[in-house]
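One structure is given here, and the rest of the page talks about it.
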Amino acid sequence: MDRPRDGPLALLLLFLGHVITALEVPLDPKLLEELPQPPTITHQSPKDYIVDPRENIVIHCEAKGKPHPSFSWTRNGTHFDIDKDPKVIMKPHSGTLVIDISGGERAEVYEGVYQCSAHNELGTAVSNSIVIRQSRSPLWSKERISPIVAQKGQSLILHCRPPTGLPPPIIFWMDNNFQRLPQSQRVSQALNGDLYFSNIEPEDSRSDYICYARFPHTQTIQQKQPITVRVLDMDSLNDTVADYFNDTDLFSDKPAEERAPIFLVPSEPVSSKMVLRGEILEMECIAGGLPTPAVSWVKRNGEIPSGRASFLNFDKTLRITDVSEADAGEYRCIAKNRHGSVHHNIRVTVNAAPYWISAPRNLVLAPKEMGIITCRAAGHPKPTIRWLMNGLPIEDAPKDASRKVEEDTLIFSEVQTGSSAVYQCNASNQYGYLLSNAFVNVLAEPPRVLTPPNIVYQVIMNKPALLECLTFGSPVPTITWFKDSRSSMLEGNAYVFHENGTLEIHMSQPTNSGKYTCVSRNNLGISENHVYLEVKEPTRILRPPEYRVVQRNRDVVFECKVKHDPSLVPTMTWLKDNGELPDDERFRVESDSLTITDVTESDAGTYTCVMNTTLDQDSASARLTVVEAPPTPAVIYEQPGAPTDLELTDPGARSVQLTWTPGEEHNSPIKKFLIQYEDALHQSGVWHNLTEVPGTKTTAHLKLSPYVQYSFRVLALNDVGFSHPSVPSHQYKTSPAAPDENPSEVKGHGTEHNNLVIMWKPLTPLQANGPGLKYKVMWRQQDTEKNWASVSVANVSKFVVSGTPTFVPYEVMVQAINDYGLGPNPSTVIGFSGEDFPSAAPGDVQVLVQNSTLAEVRWSPVPLESVRGRLQGYKVHYQRERSLHRHNSHHGKQRTEIFSPNKTNGKLPDLLPYSVYSLHVAAFNGRGEGPASAVQRFETPEGIPGAPSYFGVSFTDLDSLTLQWSPPHERNGRLTGYTLKYQTVDSKHDLGLLEELDLPSNQSSFTLHNLPHSTRYKFYISARTQRGAGPALTEEAIGHTAVSVPPVHVTSLHYTHSSPVAPAFGNISSSVSEDGALISWEYWGPEKHLYVEYIIDNSDEDWHKEKVNGSEFHVLKGLKKGLAYKVRVVARGHDDRAVHHSEELLVKVPAMVSPQVDIATQGWFIGLMSAIALLILILLIICFIKRNKGGKYPVKEKEDAHGDPEIQPMKEDDITFGEYSDEDHKPLKGSRTPSSGTVKRDGSDDSLVDYGDSGDTQFNEDGSFIGQYSGRSDRGATHDSSEPPSPVNAMNSFV
């Protein structure tokens, strides 16, 4: 129902859009200080402001205005009286609040919603609502965590459950040595911090699964109690026991059951997520199963955005950045192994907090003018627009007939002085809000000229002159120019009047010198300013230096006589071979000459005389040749003498005869004569070459031009050089005539889409043939217009035809005219009017990836009518957005490939493997590029990796070498492993047999044992991806002899890295425990050689450094108790030069009482206990062997009463032994021992275990028992793991 008024409103807004662009306030500081201006917020704290409780709270609010604004605050919607709280102060001339909590006050007392207002007499600007919250890093709740026992192959979840912090903590899992726990497709950390095992393996058994929470705002780290995990490996236990019991299988031989995948998270069959536009969407699916399931993702009825999506955590997490409405829909994660698959659907909805389409902008109007302020925002749900005036709802503001509210638009008409105000636009929905201030400033200002008065502009003759007249007024004033007097206004083609008031004179002549006045007018007044123009004569070298041939040890003089404008101060400079003169006292510079005494061979070269003034310069050069002095007097060769007796005969309208007498030849024949002339009418003092005649002639018939005052002179040339010029002849003046020729180099082309610029090379004064030279410029549209349009111009070399159609051909002619007639009929030149930017983008853009470094892009050509000019080709702009590898996400510079207009495809070379690229295609003509096609993103496949970034050899012991390496800087894909090759090198440098090892990608070291002494080895290490192996690094080392030989490092590749623009380190923090100081950080730089450096605070000693092994954590051990240390993290290049370093951190080590030594951890005690256990084991084995050989024991009768134990089943439910037999060839049967190391007995009262429970049982020399039946324990009791009563327990202890 609002549609009928949309049309008039749109026309009104379009009209107002043209009106309000008429007034612009210049950025002149003095003017800005004088003009009144409503307040403008220039700086404020973020909307959600989390403060550190250890520091004072600073809430920023800065504003500008004229007069300077005053400030006030509200807290939780009510006035905040800062004078009542001595802890709160407001900075002078500012609205910034500083809340002092250093005296022990709690920061949470000042939590709340704050808003700042800036006021002056023209209005009130308000800040955003700033929510102040205290950061919190609570301690982990104390809990007792029981050990977790799981059977191999089962799924397992280790819960972290960190304390709730503000902001939320960063979760990571480490061990007791502060090393990150390795994660893989089988073991990974969920988004909530829990550690998931798809299936558990024996190597997962450990007692130090520790969850850490790092609170980034306060840089503190909290840790959970360690979790112990014990994994029962039934297969391994069965094999070990069977080896000792005559290959008898005592336990079940059933392996861990393989199973189809099930989802551990999420647990429900269908889930949903809501995400806001522009934020990050993260979805995860973690599955259990055996073998480990692989997870993949699809979007139903759509595509996952390749440019913004990434698969993290071994493809278990799908992460989409910069979410848009197109990302809504249903996503499915699929977990699959060889036993089946399972899927989970996640419904994603995308809403949006308000975002600007067109934010309101300040409006400056003159009285009676019209204008608009628009406030357009989008969001989902659609935002509500609410207007305020000076911080109050606009409906509560004083009524103003000149103001009208139309939803998201304020319309002002016929504004009056005093209507200035600050308007606030608030766009909000349930997910957030936008608040923007925009003022309306009504100014009535008479004109004022901002250019300083009486400026003197100096310019060289025939150069352009620019005279400034910058003005301001409201309404916008008009500017006119006058020269010398106010009698006539300047106009005509000789002048160009720029929009900013500047007057331009194309070719300055002496007649242009004088006083200029610019006048600025509007309806409120008039202002004027005077400037002066001085046109100076150009600087000219009248007598340049001449070529010299000088004998060694002689002197030489170069002359350089100059003519310049007498009002300019000249500076003469001499150069040798375009460089400074040697610092040698033999070189003497005078006002018009250079003298070199005692010349040497090194003085040979080219000498240049440069004459500079403040406006221009002139230069001339001559060469010096140094020759050896002859042993005997030789013939002296010099330039010829100057010709004499110049005489003019046979005068004609355009010719004259010149004769002269040659000068002395000086032992070198004259080869030719050069005749020069001076035009005293147009270029006095400048000599031009006219013609040359052979050295045998002394007469020349000269062809002349009309309207010239000639003077002639002659120079002679021999093998040494030119002579001095002759004395000039008397003047010979020719009569004026019509031009003989028209301007050359005529061409026409457009500089805008609606003009045609006709240009030509002007005639020289000599070609003008008479006074009053003008140019008749003619043009017509080819094949369309019959009549020629024409205009006559003077003192210019171009003419602009406006209002032409876009890129159409024109016929152009330029004819010379003077006071004596027209030049010849000009020839026609075809030129085109201006081009416009292409209006269409290439379509159907496709990218075909050829290999890891080459892609082909294809597109459809733009329609011919959309080119709007001459199609010059297509530009493909492409850029590397990021690497697919998480260790390298640096953006690349945008590159451009240009293809000819007949091409619809092209190759993009030199791409980086395993990367995400984006590109767009645009057509271009002579005006520029048209619109770009839609952005296309593509991924390059993996390539072979670069060489490892580091490779070194160290000695472990006498017969071992340890190799260490680091991953390549250029991984170019997912590393699948490393190839290690090595071979011996004998004394003749012959290579031995090459050995090769394949190592996993997560391994960074390898130790070779049992190496022969004094043998040299050559090692090769290279990384592999699925595409193959990359280049190798080599190292050579010699095995240990009695004297250690240092390894010889022969690194075959070197790398150079550029420093990043942004900081490379962040979030550095520390945590001190008994084990040392844990230093953690984040690092984004390319260098891999990281060191933690530390020094005692306030000491002068050198920094100590410890190398970091590829992690972002390091433990400093051995720090002295009770001292404070300065710690920093440094990244070094291959040359050991520090490239980046973090901020310094102060770490205080508390003084502690020395801990008591735990005897159970001492080496001698462990060795003693191991020897005793081994002795007991040997005695038990001897006893068992004796018994199997038929030794009789009193327990034999009791065993016979139980019958044959072969037929007694094993009690699998409680993992116990059945009755054992005394027969020699019947093996024992039983199941594996529980992880506690105890064995539960069955129902037999007379087992060997029963007899050993007394604690008094002893053995005699032949292995038989001494104490029979003594102290028999009750049935069902368990044995302590330290007792050795039975072979089974002994074997369990061994295992």
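Using the three backbone atoms N, Cα and C, a Cβ is placed for every residue, glycine included.
Fair warning: this is a prediction, and the values are worked out from it, not measured in the lab.
Residues or ranges marked as signal peptide by TrEMBL: 1-22.
Taken from TrEMBL, the feature domain 'Ig-like' applies to 39-127 (among others).
Residues or ranges marked as domain 'Ig-like' in TrEMBL: 138-228 (among others).
Residues or ranges marked as domain 'Ig-like' in TrEMBL: 261-349 (among others).
The average per-residue pLDDT of the prediction over the domain 'Ig-like' (354-441) is 91, rounded to a whole number. According to TrEMBL, the feature domain 'Ig-like' maps to 354-441 (among others).
Marked as domain 'Ig-like' by TrEMBL: 447-534 (among others).
According to TrEMBL, the feature domain 'Ig-like' maps to 538-625 (among others).
Across the domain 'Fibronectin type-III' (642-737), DSSP helix (H, G, I), strand (E, B) and coil residues number 0 helix, 50 strand, 46 coil. Under the heading domain 'Fibronectin type-III', TrEMBL lists 642-737 (among others).
According to TrEMBL, the feature region 'Disordered' maps to 727-749 (among others).
For 739-836 (among others), the entry in TrEMBL reads domain 'Fibronectin type-III'.
For 841-943 (among others), the entry in TrEMBL reads domain 'Fibronectin type-III'.
The feature compositional bias 'Basic residues' is assigned by TrEMBL to 883-893.
Summarising the annotation, TrEMBL assigns region 'Disordered' to 883-904 (among others).
What TrEMBL records for 947-1044 (among others) is domain 'Fibronectin type-III'.
The domain 'Fibronectin type-III' annotation in TrEMBL covers 1059-1152 (among others). According to DSSP, the domain 'Fibronectin type-III' (1059-1152) comprises 0 helix, 50 strand, 44 coil.
Here TrEMBL flags 1194-1214 (among others) as compositional bias 'Basic and acidic residues'.
Through the fold, the region 'Disordered' (727-749) approaches residues 642, 644, 646-648, 651, 653-654, 656, 658, 678, 680-681, 704-713, 756-763, 767-771, 773, 775, 779, 797, 810, 812-824, 826-827, 829-834, 926 of its own chain, all at least 6 residues removed from its boundaries and within a Cβ separation under 8 Å. Note: the stretches the domain 'Ig-like' (261-349) and the domain 'Fibronectin type-III' (841-943) are in contact (3+ CB pairs below 8 A, sequence gap of 6 or more). Counted over residue pairs 6 or more apart, the CB atoms of the domain 'Ig-like' (354-441) and the domain 'Fibronectin type-III' (841-943) come under 8 Å in fewer than three pairs, which marks the two as apart.
In terms of DSSP secondary structure, the domain 'Fibronectin type-III' (841-943) contains 3 helix, 51 strand, 49 coil. Listed stretches 39-127, 538-625, 841-943, 947-1044, 1059-1152 were compared with the domain 'Ig-like' (138-228); the greatest number of C-beta pairs under 8 angstroms is found for 1059-1152.
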